[in-house]
Amino acid sequence: MGNSKSGALSKEILEELQLNTKFSEEELCSWYQSFLKDCPTGRITQQQFQSIYAKFFPDTDPKAYAQHVFRSFDSNLDGTLDFKEYVIALHMTTAGKTNQKLEWAFSLYDVDGNGTISKNEVLEIVMAIFKMITPEDVKLLPDDENTPEKRAEKIWKYFGKNDDDKLTEKEFIEGTLANKEILRLIQFEPQKVKEKMKNA
């Protein structure tokens, strides 16, 4: 499943990535060359991923969020991402289809990987998101969601859960699709992320 360490992206991986993402062959090949230059082993570590993420958010602390994003895409749990996992991470966090993004968001919020989400896991991810919001932007948030605790509480109430309840993937996806307010609360301003990536 991994990539060859030569300078060419395998035809199978290229076709699979084109099919599953919005990226062109030219973009993928160019990114692959850059990826190999920065990661000659053909794999990116969590620390390297966090460094790349930090470039997009120089005025905040994206380390915790980047760590959770990395975990959610490290499908074989080897502590690295190959090029395919890396591109899918980029795609899902910027332009994936809504259902795919929600499946990914569930895996992001399912911190312990047990197949359900607890209120504490929601709080952990929301705290990581808040570290990426500038103090000026936090001041613009409504009073009932201007701290991680308030936002986590608001999300949990939208799902109609008690503090010690768990949320399944099905409930998470259906609840989010049925309520645009939940979608807004669980994500980190994807439009700003897209703009930063385009200008990088």
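Yeah, the Cβs are placed from backbone N, Cα and C, and that goes for glycine too.
Range annotated as region 'Interaction with GRK1' by Swiss-Prot, chosen from 45-48, 97-100, 113-116, 189-192: 189-192. Under DSSP, Thr116 (Ca(2+) binding site) is assigned to a strand (E or B) in the three-state scheme. Same-chain residues that are not part of Asp74, Asn76, Asp78, Thr80, Glu85 yet have a Cβ within 8 Å of the Cβ center of the Ca(2+) 1 site turn out to be Arg43, Phe73, Ser75, Leu77, Gly79, Leu81, Asp82. Below 8 angstroms of C-beta separation, residues 98-99, 102-103, 105-106, 109-110, 115-119, 122-123, 126-127, 129-130 of the same chain, each at least six residues beyond the ends of the domain 'EF-hand 4' (147-182), sit close to that stretch.
According to DSSP, the secondary structure content of the domain 'EF-hand 2' (61-96) in residues is 23 helix, 3 strand, 10 coil.
Sorted by the number of other CB atoms within 10 A, the binding-site residues Asp74, Asp78, Glu85 start with Asp78, the lowest.
Confidence for the domain 'EF-hand 1' (25-60), expressed as mean pLDDT, is 88.
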